[in-house]
Every structure is written in C-alpha cells, then in structure tokens.
Amino acid sequence: MTINPTPASATPEGGHLLELRDLHVEFRTNEGVARVINGVSYHLDAGETLAVLGESGSGKSVTAQAIMGILDTPPAFVRSGQILYQGQDLLTRSEEQRRQVRGKEIAMIFQDALSALNPVFPVGWQIGETLRQRAGMSRGDARRRAVELMDLVKIPGAAKRIGDYPHQFSGGMRQRVMIAMALALDPKVLIADEPTTALDVTVQAQIMDLLADLRRELNMAMILITHDLGVVAGVADRIAVMYAGRIVEHADVRSLYKAPAHPYTKGLLESIPRLDVRGQELSTIKGLPPNLMRIPSGCPFHPRCPYVQQVCVDEVPHDLVLGDGRTSACHFAQEVRDDSVAR
Amino acid sequence: MFRYILRRLLQMVLAFFGTTLIVYALTFAGQGDPIQALAGERPVTPAQRAYLTEKYHLDATGVGGFFYRYFDYVKNLLQGNLGESLTGRNIGDILQQAWPVTVRLALIALAVAIIFGVTAGVLAGIRRASIFDNSTLVLTLLVLGIPTIVLAPLAQYFLGVKWQLFPPTAGSDPTFYALLLPGIVLGSLSLATALRLTRASVAENLRADYVRTARSKGLVKRRIVVVHVLRNSLIPVVTFLGVELGNLMSGAIITEGVFNIPGVGFNLFRGIRTEDGPLVVGIVSVLVVVYLVSNLVVDVLYAVLDPRIRYE
C-alpha cells in the first residue's frame, strides 16, 4: 500500500495527522543497553505546532529521527510502539515505503546546518537534488524551483547565490537553505530539530519568525524540538516536556507557562532569567540528567525533585489527566500546579 | 589561485637549488680522491690525472672550489646538460632510456593500488566490522609490515621461479607482462595504504551529518553512498594517490634492482654503488623536479576537489 498524499482530510475520522503511541527505543552499545525512549506518546494535528522540550539526552531528537526512520541501526532499535501517520503505522512499512514518506510527507531540518549540508556541493544543487530525485524534475526546472524556494525563505539574491557552497553562507542563511531544502516537496509535517541552537540570538528570532510564517503560509504541521523555553512561547500551540525518554508533562502553551504541573517543568521555568525580577539568584535544577543505562526506579526525576516522597522511589507515576487536555506524569501533579498558581 | 601557483613555482626554484646543493655536497664533499675512485683499482697516469683535474676543475680546493664546481654544474644543468657519468655516458641519454620504463612500472603499480585498494577500501568502509573488513585489515597490516626487500624476492621466487606464472626478471626493454609482477609488488604498499585511508574516510563520512540529511530527503541508499559519501571520502584518497604517483615515478630502487628492470631507480642504485657522483647528482636533480611538480599538482587538485580549500 502507499501513503495517500492528499491533505489532512485523508486522516481517518477522529484520528490525528501524526500520532506516536507508547514508543520505545533503545541503543545497544558495547557498554550495555541505553533506554533512550521509554513509552513516548504524542500527537500532531494538521496545521498546529507542537513543541517538544527537554535537555540534551532526554530523547527528543531520537524520537524525531524514529518518526523519520533515519535512526542509525545499530545501535538504535525501535523496541515497541506505533508511529501512525494518517492512520497508518510507519513502523510496519517497508524501507522503500518509508523512504517515500521522507521529505514528501514529513520533512526535517537539523541543528547545525553547516555539517548537515554536504560541503562539496553547491546549495542550489542540494535543494534541486530532492526535486530531481523525488519529483522527477529536469535539471533546469529543479534549478528554477530551487531559486523560488530560496526566495521563499528570504535569502537575498537567491538567483546569484545558487551556485555558492554551504561554507560561503552565514549561519542564519545556511539554516534558511536547510529550510528551503526541507520545503522542496511540500511536506505536511515539518520537524525542526533545534533549528536555532547554533545561531546568534538575533538570528534565532529571525529563523523562528520565518518558520512560523512558513508554517502558516504552507499550512503545515510542525514539531519544534528545543531546549529553549524562550523560543517556544511565541510559536507553539502545545508543549510536550520530555525527561529521560518520557513525556513528563503535556499542555497547551498558555496554561503550562501559567501553572506548570510537573516539578521538572516548574524547575525549567524558574531557571529562566527574568528582567522584571532583579537581584534574585537564578534558581537551578539540582543534579544531572540520569544515565540512560541506569534510569532511577519509580519516577526518573525523583533524585532531583523537591517534592520527592517514598512513593516516587517505588512507583512509576502514570499520566495524570488535569483537564483541558493537560497531563502530568507526577504523583503530586495537583499540588505542583496549585503551588505554581499560588506563587 | 594563479598567484598561489606562481608563488609555489618561485618556492620550487629555491627548493630545487637547496636540494641539489645538499646532494652535490654530500656526494662529492666526502670523496677522498675522486680520480682514483673513477679509475677503480687500476693505476692513474699523471697525464690522465692532469686531464681529469682540468676537466672536473679539481685544482680549486676547499669551500671555494666546491662552490666553483657546483655553479659550474648548475650552469650546465640550466642549459639542459646533465653532464656525463664517470663511465663517459651522457646522463640525459641514460634518463631518456630509463624513464619510460619507470613510468610504465609506476602506472602499473598505481593502477593496482586504485583498482584493488580503493575498491576494497570503499567496501570495507561500508561494511564495517564484517568478515571482509577484518580480513582486509589483517592482509594490509601484513603487507605494510613486510619490507619490499623481503616481499620482492619472495614474489620473484614463488611466482616467477617456482610456479613460473610471471617472468622472474624483466631485462632490457621489458614488456608489459614482464613488468606486471614487479608492478604488483611495488603497488602493494600503495594498495595497503590506499585501502586503509579509503576505509577510514568512507566510514567517517557515512556517519557525517550530511548523510542523515540526505536520508531525510528520501534519497535511495545507493545514491547517498555513491554521490554524497564517495565524493567526500575520496578527497584525501586522490590526494594520497597523487603524492604516491610522484614517489613511484622517482623510481623504485629495490624493486627495480631485484627484478633487474633498467629504470631510474636501477640506474640510481648503480650510480651509488659505483660511487658515480655525476650520475647520482644528475638523477637526483631530476627526481627533485618530478617530486616538486607532482606535489604542486596534488595541492592544486585538492583545491579543485574540495571547494572549502581556497589558496590566496
């Protein structure tokens, strides 16, 4: 079977455009097995932006690569779970069928555009390659379309710069080239894996604005992977917070910022420097993220958590539904949220 | 780029005079009585001695005399005259005969390195840790560990004498077939190095971020490897092979000696053994030029292959 390339209406009634169900991924290395993703579930509907937030090693990029089917196997193995795209499980598809989905249905942009672009080919060639190889365009057509795409992502003098190599561009312009390449086949889902991490602060804002504008114009759905809470606020509709390969909190942006219901999210929000509160020491989350080969018992966050009780050591918390589609994987979700409101 | 090449050419002039001076000094400065060395065991008559002293300007002694003779030599060299060997043959003629043989041998060796070394290196790099990868590792380490002075006689004895698959020696004006076995022996070292280098480079590039990007574009695996990975990983390999061709062209003293191939290395070896100063200096001077030019070509090639390299 093939994946139907018509818009979101093809999604079965009541289903989501993209849905992850209880995904488990592990890395089998010589030192042992690292459980990188431990039961991640989230969904994405047409035209919305989901931010996936978490520190390095929390599994947010691995989840994205599992969706794309570009994990390096070995060492990475998808142990169980489902990745439903338009109602069909990608994990049961053949490699060839998954390849057809890449770029055309779900496209991805990466963190460091300098290393993510091939250093020895001109950028126009690299954008055009997708069009030639995937859409069967002629050399000339692909070139013309590549210029259009570079115009779309607002690269000044696109027609003149099409023959330039990646190293001849600034960081921001390089990331725009990446975005142009990802948009070549009009994907319905764009996964942006820390698209602004390698950039200057001013350029970061420009790229985020560009992504938000393009998402609206092209009516895509977007998964924005980031560790930067500041980046998320203006762009995302919903946020999924990841810790040790799990989604610990899931909420719409507004209510999450107003009253986080997981101690980890709360800690993250409190560690953002604020311009309106002066003279206070910046709070941090104590300790380090867990070693994924030895994830702590019970709630993986318990060694660092200020709310920790015996139950946290003994029992893995289930997603607690808090209403308005909010969930929090914390035994004391209510208390944490009420604390946050009171503050 | 043009200015870079010009500057390199000027540097080559300096390097050329520097190396010839050193070789000239090492060859002649240590000689006790060059005329007696020339004559060997036979006695030298006063008339002969006077003639030779006149001819080689041996009457001027000390450092001044040395430079006098050196500049005399360079003057002839710049006029394209490499002088005569002590046996009275024109060195230019000797090289004219020897060079085509050495070039043919070098090209066979290089072809062996490219066809087997690069191909096996690419396969080993793609199938990391496979049986094929591990066996090439063992074989290349073995080849790299055996010096040519051992490998060449062994190959000659077994393949040439015992099983008679190849002619054991080449002789004057050798055929392609006669040069094949020496070519393989000579190329085996370049082959092993090319294989290791290609394998490492391919393995490294397969893990590069741009490969992940190419996969996320939905390209087929074959295209990712052949177009994206090979184009990047062969840059150092081509550079190595360029330098290696320069090395091979300058003659293989041991291989040519063992298989009796009348090439450049063979003549150089004979020159050293018979203390034929003019012959040694003449050949080495030309080798220096070959080496300098091939290195320049490799550096320019590097910039052509890798757009990130720009020479100012």
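From the backbone N, Cα and C atoms, a Cβ is placed for every residue, glycine too.
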For TrEMBL, the entry transmembrane segment belongs, out of B:60-80, B:249-269, to B:249-269
So which of B:105-126, B:224-243, B:249-269, B:281-305 has the most C-beta pairs under 8 Å when paired with the transmembrane segment (B:179-197)? B:105-126
Any chance you could find the range in B:12-30, B:105-126, B:138-159, B:249-269, B:281-305 with the most Cβ pairs under 8 Å to the transmembrane segment (B:224-243)? B:281-305
